[in-house]
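To start, the structure itself, in structure tokens.
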Amino acid sequence: MGALSEIFTAGYVALAGITGFFLVFLGFLVVISDYIDGWRSRRALGDIPIVDEGSNLSPILRWNSQPYDAEAEFTRAYYKYSKNGKPFAARIQHGGYAIVLPPSACRKVRSIGHEQLSFLDALAEFADLSLHMDVTSRRVIEATHACNNETTIKNFQERLALECGKHLAPVFDPPQEQESTELKTLKSVFAAISAVATALILGPDCPEALVSEVTAGATAYNEVMIQCRILRAQYPKILKPLVWRFSRTARELRAILSRLKARLVPEIKRRIAYLEAHSTSENQAESAGSFSLLDILIQTSFKNRHLPSTPVENDKWADLLCQQALLYHFKLSRAPGTSVTFMLYRVMNHPEYATMLRDEMIAALKPSGGNWTADILQRAPKLESFNKETFRMHDISNFVGLRVAMRPVDLRSVSPPLHLKPGTMIMTPSRTVHYDAEHYVDPLTFNGLRFYDATSNTCTPRVFTTSPTYLPFSHGTGSCPARNFATQIARMLFIRLLMGYEFELANEEMPAYGLMDGTAYFPNPEVRMRVRVRGK
């Protein structure tokens, strides 16, 4: 019996030794493959200077990494390379590289069509969306362009004014018998703006229960989607499929998306059938009382003949429309919500702006008897200037104009000329352009009236007007088609908050306004505010 026990013990020891050897060997293979991937990525850039942490390894394997100030390095590279007409390369969110073109080369690049340089395909890759969402279809862009007419914009404005007034109290009103409440600013703004975005997408005829459920699901989806992207970006390429398959964050993301589709897809199919059956379908979204971006998205598909011919194709079409509706929600909530948050940080830190903007809005409301009409924002140029300066100072990224080459492209506007192979990403500086003293007087100082023209009582140029020196929405043919909607949502929600509530900083002192994540810039989520209803 003792001999048999010794044999089993020896066998277990041998098995443990073999298992340990293979685990060490697999770990060694992971590190080596990751190093080779990083080396190849850097080598593919040739002589282009690289601005990053200086490592070939993924973040999770950089055991002895040194502190890296991305914004300072990008600023240094802008003055060293971009201002002298030279490109450089920077690591972006998904862990790969993009070539940063100098502003002098951008005019030619912006004229190149999406068949050669695609933003949507770049978005799918750098934001890690392709695993759970198809963002490469141009239907959302087509639908947004279809909204750029006077009637639709007016209906959007009327609906926006109503929805912003409706969705603030549940988030910002203090509990009963309390004069004030303490809230995390970013989280609260995203909660309110998410509800507004859902209402604009689904329209006023959608059942309240569905609107509430989609709002909660889409808010969670947007948050967990970013968390999943950040998580996968930490790991070597060889391990990313395993992270997607087994990590708790990725499983949560898939579960949220599954629940959203279970509620949204039947509603989308119902609307498709209704709009197909009614000859007046083209007018369904042409009044504020029935305004729905989802209906416009469906109608745009009708007009452009993106129609299914079989039940299977119909299911796929409804699923794709669901994904695009969620993409709409992300675009109409995240960027405007970020802007609203930064504006609140500014008025809490500088209360004089709150007084000025309230006085302007009181005057703007008088002609309509205090009603929030569709044209109310046009009578508030100081608010528009304040919003535009916020976009300038607190752009959500150090770079814009992200594109990926879909086929070989020669850029002769760069010296020496660049040859872009398929899969190469490019982008251009934005934040450093906004902070350049050649473009703006005292550019590092926030001036809420920087764009206000007292002579004409206008914001000049308008907040949604892009230029080579104002780039939060990029510029040229590739500029964001939803920027008009996004800026109006930001201004309307912010001014409704300012008119309805008093805000003061709950932190002992104002923390840093924003935090860097690679090339992206987000509001600091730890800023808290004390809120009370005005007039109480």
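Just so you know, glycine gets a Cβ as well, placed from its N, Cα and C.
Going by Swiss-Prot, these are the annotated features:
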BINDING   Cys480  heme binding site
CARBOHYD  Asn149  N-linked glycosylation site
CARBOHYD  Asn371  N-linked glycosylation site
TRANSMEM  12-32  transmembrane segment
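Where Swiss-Prot records a feature, it is marked here on the structure.
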residue : record                      : Cβ within 10 Å
Asn149  : N-linked glycosylation site : 10
Asn371  : N-linked glycosylation site : 9
Cys480  : heme binding site           : 21
Between Cys480 (heme binding site) and Asn149 (N-linked glycosylation site): CA-CA distance (Å): 16
Asn371 (N-linked glycosylation site) versus the residue listed as 'heme binding site' - Cα distance in angstrom: 31
